[in-house]
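**Q** I have a structure I would like to understand better, so I am pasting it below and will then ask my questions one at a time.
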Amino acid sequence: MDRGLAPWVVGLLVVASVAAPAAGAGAPTGPFGVAQEEFDPDDVTLSAAIDEDGSAAWSFKYRMELTTDNETAAFKELRDDIDANRSAYVDRFRTRIASTVTSAENATGRNMSVANVSVRAFQQRSAEFADSYGFVEYTFEWDGFAATDGERVVAGDALEGFYLNNETSMQFSWPDGYAATDVDPVADEETATSVRWTGPADFGTGQPRLVLEPAPTTTEPSEPTETTTAAASSGESGVVLPALVGAVVAVLVVGAAGWLYLRREDDGAGGAAEPTDAGGGGGGAGDEATGVEESAGEAAATAGAASETEPPEELLSNEERVERFLREQGGRAKQQDVVEAMGWTEAKTSQVVKEMRENDDLESFRIGRENVLKLPDADVSEE
């Protein structure tokens, strides 16, 4: 984690304000000079609308429930002060955000800049209840926030090691036509065009991470080829794979079941080949068998090379990484072993395990104090 981003962690949780008249000389202030008696938000929402060019439109929205006359009056005074001294609020905020962006630029080696900083304060009454809320919202554009590689967009490295307290949430959203192929850590909320993490959350190395790629599009069925025939045998024939260079992860997700099935079948065939050769007659029978094996191997490589080569780990989702690890361990392992093997925090591992259990991709049980994870098709009766 780049500790140069520490101002981000502290600063975004308090409104960047000039001294408010009603605060008084002795009023306690936050690290951004905020008179906390003036505006102590109940929750903070950090939102980044990520564009395909890597820029992001950011919003920091601070909300406070106004339950008393004093709170309402204090917020009105803050709102009036923002209206009267808008440029001072904007300049102060711009200075601090620019410093944060510079730190992120140095950490990532990517050109970045800040533009179009603005601030507003407004009051809003709930449509369902009689509650009234005060909001202070800062917005700005962060150019270079995400990295791009062709049509692929990778966001989050500028915030590596970021911390969300229990009053703060952060949302990444993206345009229609894109799909998230990797979200790390697992989001608390996810839609077709957004993910949201809710604090408390302490992002580790390489987190947060969001990978966006062009979404698969439905096309007319094409003539079968060796590749499409092999994919159809996996039981995924109803899914049309996108003809997109960048959609590598989407292809792996669709073909994962077939890849695992073919791998098991190949392992079984390989185990039966040797006895057949040993039981053959004399003369050139062994050479002929070898030739058959080689021909069969070439055909298998042509029909489904994925069954012979494991995909790189960085192209696997978190769930696929856990499944691969468990299969390597014979179908089950202690959850703590997964933590150590993946280098994840226990919180992240628990989130991934929870999602897999909900999708019936994983089972768990306890042995003493240990939580044991098991693939549904693994046999544990022998031990």
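The backbone N, Cα and C atoms fix where each Cβ goes, and this holds for glycine too.
From TrEMBL, here are the annotated features:
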DOMAIN    49-178  domain 'DUF7345'
REGION    189-235  region 'Disordered'
COMPBIAS  214-235  compositional bias 'Low complexity'
TRANSMEM  239-262  transmembrane segment
REGION    268-318  region 'Disordered'
COMPBIAS  287-309  compositional bias 'Low complexity'
DOMAIN    315-376  domain 'DUF7343'
**Q** Could you tell me the mean pLDDT over the domain 'DUF7345' (49-178), as a whole number?
**A** 93
**Q** Could you give the number of helix, strand and coil residues in the domain 'DUF7343' (315-376) as assigned by DSSP?
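**A** Per DSSP, the residues of the domain 'DUF7343' (315-376) fall into 33 helix, 13 strand, 16 coil.
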**Q** In the domain 'DUF7345' (49-178), how many residues does DSSP call helix, how many strand, and how many coil?
**A** 42 helix, 54 strand, 34 coil
